[in-house]
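Scroll down for the structure; my scribbles are underneath it.
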Amino acid sequence: MKLPIYMDYSATTPADPRVAEKMMQYLTLDGTFGNPASRSHRFGWQAEEAVDVARNNIAELVGSDPREIVFTSGATEADNLAIKGAANFYQKKGKHIITCKTEHKAVLDTCRQLEREGFEVTYMTPQPNGLIDLNALEAVMRDDTILVSIMHVNNEIGIIQDIETIGEMCHARGIIFHVDATQSVGKLPIDLSKLKVDLMSFSGHKIYGPKGIGALYVRRKPRVRIEAQMHGGGHERGMRSGTLPVHQIVGMGEAYRIAKEEMSTEVLRLRVLRDRLWNGLKDIEEVYLNGALEQGAPNILNVSFNFVEGESLIMALKDLAVSSGSACTSASLEPSYVLRALGLNDELAHSSIRFSLGRFTTEEEVDYAIDLVRKSIGRLRELSPLWEMHKQGVDISTIEWSAH
C-alpha cells in the first residue's frame, strides 16, 4: 500500500491507463493528429472518425443519440452553455428559473449572472437529508418558468435526486429541464431515451478520463434549442465553436466505454467499501453522517466529527487525500455552503470530511483510513477544551462568549 492514499475521487480521478494509452495515439505525426473539420484529406477524415467513435461511446453509456452529444471544455462549460443557452433562447416565454441551493458553483454562479441580466431565479432549500421536496418544487413552478436545473448526484454529500419524477413534472408544464450529471455518470444508470431530461452535463475527468473535456446532451426530439455562447467556426452543429481536441475526446470516449463495461461490478464493489468505511467510523462519539446512504451515490461518504476543526483534522490526516467541502471552493475557509443549506450549524459544517472512493481504492486502504481517522479524532479531542466541557455535560450552544 502506497502513502498518501487518494480518497478524493469526487474532485478528480486519475486517468485509467487504458485511457492514457489510447490518447497517446492522437498527438504526434505517427498518430492521428488531424483536424476533424479538415474535409479534404485523410488526416482530417481519420480524426473525424475517432471523434465519431468517442461520441458513440458516450451516447451508449447514457442512452442518447450520438447527434445529441455536444463536446465542451468540461462540465462547467456544459452547465454554462445549457443554462445561459436555454435562458437566452426561451426568454420571450418567460424569465423565471428554478434551481437548488446545493447545486455546484458552475450552476449557481451561472444563475447569479442571469439574475444580473434580468432573469428571476428561485433557489430551493433542500430537506435535511439533501433531497428536494417535490411538492415544494411544484409550488414554485410558474407560468413564466422556462428552466429547472437540478443535479443528479451532489458532489459533496452524494445524495441522488429523483430526476425521473422532476423530469415528468417539468415536461407536463413545458419547462426545460437541465441536469448536471457530472458525479453520477458511470456510477448510476442513466437512460436518456426514457428520462424526461432536455439538457445534461457530463465531465471527462470524474470518470477516469482526461481533464479539460466534457459534453452537453441536447435533446433532439422534441427538439430543445440553445443559443451558442462560444462563437466561431460553427463546430458541434453551431452550438459550440472551436477545433475539437481529438486526443481529449478520444480519452473521454474510452473512459465512457470502460465505464459501460465495468459499471455494474464496480458500483457493487464501491458500495461495499463505502459501507465498510462508515461502519468503521459510525461508533465514534458525536459523529454525524451528512446525506443518506440508501439514497446516496455508492462512492461518497460525508461525515462531520463534532468538536474537531475540519482544517486541523485534514492536516492530521496528511496520509489521506480527502476534502472538506468541494475542491472548487476549498481555497476559502468558509464552511461548506452545501452543508449550511442542509441546516447544519457552522461548527458541524466546519468539521466535515468528504471521503470519495474510486476504481483504485482497496479494502486495505479503507481499513488504514478508519484506523487513522479514529486515532486522529481521539488525539485532537484530547487537545480541545470544548470537548472537555462537552464531556462534563456543558451545553456549549448555550454559552455566551464575551467579546474581547
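Cβ coordinates are placed from backbone N, Cα and C, and glycine is handled just like the others.
What Swiss-Prot records for the pyridoxal 5'-phosphate site is ALA75, THR76, ASN155, SER203, GLY204, HIS205, THR243, and among GLN91, GLN127, GLN183, GLN229 the residue it adds there is GLN183. Of all the binding-site residues listed (THR76, ASN155, GLN183, SER203, THR243), THR243 has the fewest other CB atoms within 10 A of its CB. For the pyridoxal 5'-phosphate site, whose annotated binding residues are ALA75, THR76, ASN155, GLN183, SER203, GLY204, HIS205, THR243, the maximal Cα to Cα separation is 30 Å.
Counting every protein chain shown, the Cβ of ALA75 (pyridoxal 5'-phosphate binding site) has 26 other Cβ atoms within 10 Å. In the three-state DSSP assignment, the secondary structure recorded for ASN155 (pyridoxal 5'-phosphate binding site) is coil.
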